[in-house]
Amino acid sequence: MNLALVLGTNVVRKAYRFLFISRKFCNGNFGGNEIDNGFPDLDCGFDEDSNISELRSIDREVISVRSRFLESANHSASRVLVTLQLDESGFNSKSVLDELNVRVSGLLVREVLVGILRNLSYDNKARCAKLAYRFFLWSGEQECFRHTVNSYHLLMKIFAECGEYKAMWRLVDEMVQDGFPTTARTFNLLICSCGEAGLAKQAVVQFMKSKTFNYRPFKHSYNAILNSLLGVKQYKLIEWVYKQMLEDGFSPDVLTYNILLWTNYRLGKMDRFDRLFDEMARDGFSPDSYTYNILLHILGKGNKPLAALTTLNHMKEVGIDPSVLHYTTLIDGLSRAGNLEACKYFLDEMVKAGCRPDVVCYTVMITGYVVSGELDKAKEMFREMTVKGQLPNVFTYNSMIRGLCMAGEFREACWLLKEMESRGCNPNFVVYSTLVSYLRKAGKLSEARKVIREMVKKGHYVHLVPKMMKYRR
């Protein structure tokens with residue numbers, strides 16, 4: 001890409017004015033005496049000590065009331081969840097819930113629905129969807145209570161997890177009939193589930209025609225739809241929606257162009273990518289921080305460190321300081337291209353520029369070293385990040401455990417698993433399955449079984465044990 005075509009951007013720097021009002025102003029005392037400041041002592045009728053004590057007392061009382069309310073809601077939610085679990089043939093959920101005599105509030109509804117969502121599994125999907133809807137109907141019938149948009153969204157999430165797509169659509173209709181507008185969050189929930197079911201286009205068409213779609217904070221409904229489609233990687237559908245958008249007389253903005261640029265890159269349409277970039281400039285839109293992030297990703301994966309350096313320098317010239325995100329995106333791309341020397345160069349340049357590498361950046365570097373078989377450098381980077389106060393996350397640990405296993409250092413890998421748990425970082429299924437798979441390949445079957453037993457003992461991924469027994473990396 002010819003970066004000479006990149007237009008400069010006007011940088012608007014907001015000035016913030018802070019106004020400090022001192023209590024000293026009440027009595028005219030600015031550190032001098034009556035003669036120094038020219039004002040006599042003023043009595044504002046404010047006894048500071050007694051009033052502060054009173055305010056503190058009120059604060060404690062408010063906090064206490066709030067704590068009691070939260071405790072009461074959590075306790076009531078637990079009772080409701082236990083009651084719903086009693087569901088059997090002939091079970092009258094309405095009368096049983098009435099007998100609980102709980103105070104229905106938005107918090108109670110949220111806690112119950114979240115509780116159902118957490119307990120949802122492959123075996124109880126249909127039951128969970130039914131119980132959630134029964135509770136939703138019952139709570140909506142209680143006096144002095146009305147469901148919120150968040151309540152509808154939580155129930156939609158449960159329906160989505162349970163594969164109840166028709167129920168989701170009916171709930172959207174109920175939500176609109178109840179006077180609530182559909183939002184970008186509503187559409188996002190629908191598109192995530194409908195995309196998996198092959199109904200994404202149907203959802204898009206309905207929202208494009210909807211008169212109750214509250215698309216804020218986006219410029220128009222099309223941007224809200226395009227943004228959600230990008231999140232679920234519906235690239236072909238993005239192209240179709242963009243054509244509909246132009247036919248309806250809507251103009252693209254920087255966000256629209258960024259979505260289209262990324263879409264065409266993912267579809268491998270680089271000629272179209274270049275044309276869009278030029279079109280963006282002709283329409284008077286300067287590349288923003290996200291546009292440059294896309295460019296750096298492409299240059300990184302294309303193993304073009306010199307062009308990337310030119311882009312970073314150009315960003316500074318137009319007033320956009322490269323952030324940790326920009327450097328990490330570039331380093332990730334170069335790492336995937338196998339250019340770890342360039343990765344280290346840009347990591348050092350990042351530090352020189354005053355950007356502190358975060359856990360994601362370090363994890364990208366560690367993963368790159370592991371993949372290339374440079375375990376010693378991965379270990380060194382792991383030590384460096386902890387010394388500099390960046391706590392490893394589950395992805396960091398997974399990369400390190402994989403690297404140790406690849407090098408046959410199984411004792412260290414098992415020790416690292418215990419370390420991450422002691423630091424409050426819960427291993428995910430990938431961590432366990434990676435370790436078990438490599439132990440098996442090395443013929444260390446007893447050690448592999450021990451890891452599985454520890455996992456089950458802690459209650460982690462018990463339902464996935466059969467999958468792990470067949471797991472091969």
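Backbone N, Cα and C atoms are what each Cβ position is placed from, and that goes for glycine too.
Listed in Swiss-Prot for this protein:
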- 148-182: repeat 'PPR 1' (REPEAT)
- 183-217: repeat 'PPR 2' (REPEAT)
- 218-252: repeat 'PPR 3' (REPEAT)
- 253-287: repeat 'PPR 4' (REPEAT)
- 288-322: repeat 'PPR 5' (REPEAT)
- 323-357: repeat 'PPR 6' (REPEAT)
- 358-392: repeat 'PPR 7' (REPEAT)
- 393-427: repeat 'PPR 8' (REPEAT)
- 428-462: repeat 'PPR 9' (REPEAT)
Problem - Helix, strand and coil counts within the repeat 'PPR 9' (428-462) (DSSP) - result: 27 helix, 0 strand, 8 coil
Handout entry: Beyond the flanks of the repeat 'PPR 9' (428-462) by at least 6 residues, Cβ under 8 Å
Key = 394, 397-398, 401-402, 405-406, 408, 410, 413-414, 417, 420, 468, 471-473
Practice task
Residue list, the repeat 'PPR 3' (218-252) vs rest of chain: Cβ under 8 Å, 6 or more residues beyond ends.
Solution key: 184, 187-188, 191-192, 195, 200-201, 204, 207-208, 210, 259-260, 262-263, 266-267, 283
Practice task
Just give the helix, strand and coil counts over the repeat 'PPR 2' (183-217), going by DSSP.
Solution key: 23 helix, 3 strand, 9 coil
